[in-house]
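Database features (TrEMBL):
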- Arg171: active site (ACT_SITE)
- Ser222: active site, proton donor (ACT_SITE)
- Glu292: active site (ACT_SITE)
- 27-193: domain 'FAD-binding PCMH-type' (DOMAIN)
Amino acid sequence: MLTNLETEFTNVKILANAALADYTNTDTGGPADWLAFPTTIAEVKELVVYAQQHNLPTTVIGNASNLIVSDGGISGLVIILTAMKDILVSGERVTAQAGAAIISTAEAACQASLSGLEFAAGIPGSVGGAVFMNAGAYGGEIKDALESATVLTAAGKVEVLTNEELEFSYRHSSIQEHQGEIVLAATFKLSAAPFNEIRAQMDDLNARRAAKQPLEWPSCGSVFKRPTGYFAGKLIHDSGLQGYTSGGAQVSTKHAGFIINVGGGTATDYLNVIKHVQATVLTKFGVHLETEVRIIGRRRDELN
C-alpha cells in the first residue's frame, strides 16, 4: 500500500485504513486502504490521475445509500464525493454537484417553485448515485427530469452527456457500462409550478414513505429490482420472509423490500439474507430477484 497519499494531497481530507461502516447507510463495511474527500472537480481529477499512475484501484461513492460494502473493505483508493454538494438554481434549471443529496436538490427545486423532482423528496442517495442508477420512486425517475450530466471519463476528460447519451432504463444508465466514468454534476430541466402544490406533493410522498418504510433503522434502501409482472416486496411477503434474520440483518416487518440492521449487523449478514430471500422466492414462485443494491469490496480473506 502507498504510504504518501496524505503528503501528496495536503489540501484534501485523506484517511488511511478507515472503516467504511462509518460512511454507509447500513452501518456495515470493512476498511478502505485510503479514503479521500475532494471538494472540487480539479481535486477529483488529481486523485484519479495519481491513482492511475500508481496502479491504485479506485472506487467512487456518494451517500452509500443503496450500497453494501463487504466486510473485507475495499482495496486502494475510495473517493467519497459528499463534500461536493453545491446546488445552483438558474431559471428553470437546477444544477447539483454529485455529492449533493437528491433530497436537498428536490428541496431546492421546491423552494424555487420548480416541479419535476417531487418524486425524489425522500430518496436518501446522492445526485451522482441517483444518475448512475436512474433512481426512482412513486412513478418518477431521474431520467424524467435530467437534462445532462457532467462526467469525468476514464481518460481524464470532463464531458457533458445529454439525457439521450446516458441511455437510461430501469435502474440503469450507460455510466454503469463505462468503467472508470465518474458523475461530477447533474442539471435538471424543470417547470414552474405553484410552490404550495409542489410542497403538498412532497409532504404527501414523505408521509407515505414514513408510514410504509423502516426509516428508523439503518438499511440499504430497496434491495431488489422490480421483476417484470411482479413486485419484489409482495413476493417476499408472500414467501413468509418478513422478520427473517441472519446475525444483525433482518427482512423488515414493515416493508418486505427492505433489509435492516437491527444491531451489530455485518455485510456478510446482509448477503446471507439476500441469498436466502432469492432462493426462497425462486423456489416458491420461480422468480429470480435481481439485486438493485450494489455490492462491492473484497472478501475478508483478501485482506493483507
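Backbone N, Cα and C define each Cβ position, glycine as well.
Structure with TrEMBL features highlighted.
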residue	record	CB count, 10 Å
Arg171	active site	18
Ser222	active site, proton donor	23
Glu292	active site	19
C-alpha spacing of Ser222 (active site, proton donor) relative to Glu292 (active site), in angstrom: 7
Where Arg171 (active site) falls in three-state DSSP terms: coil
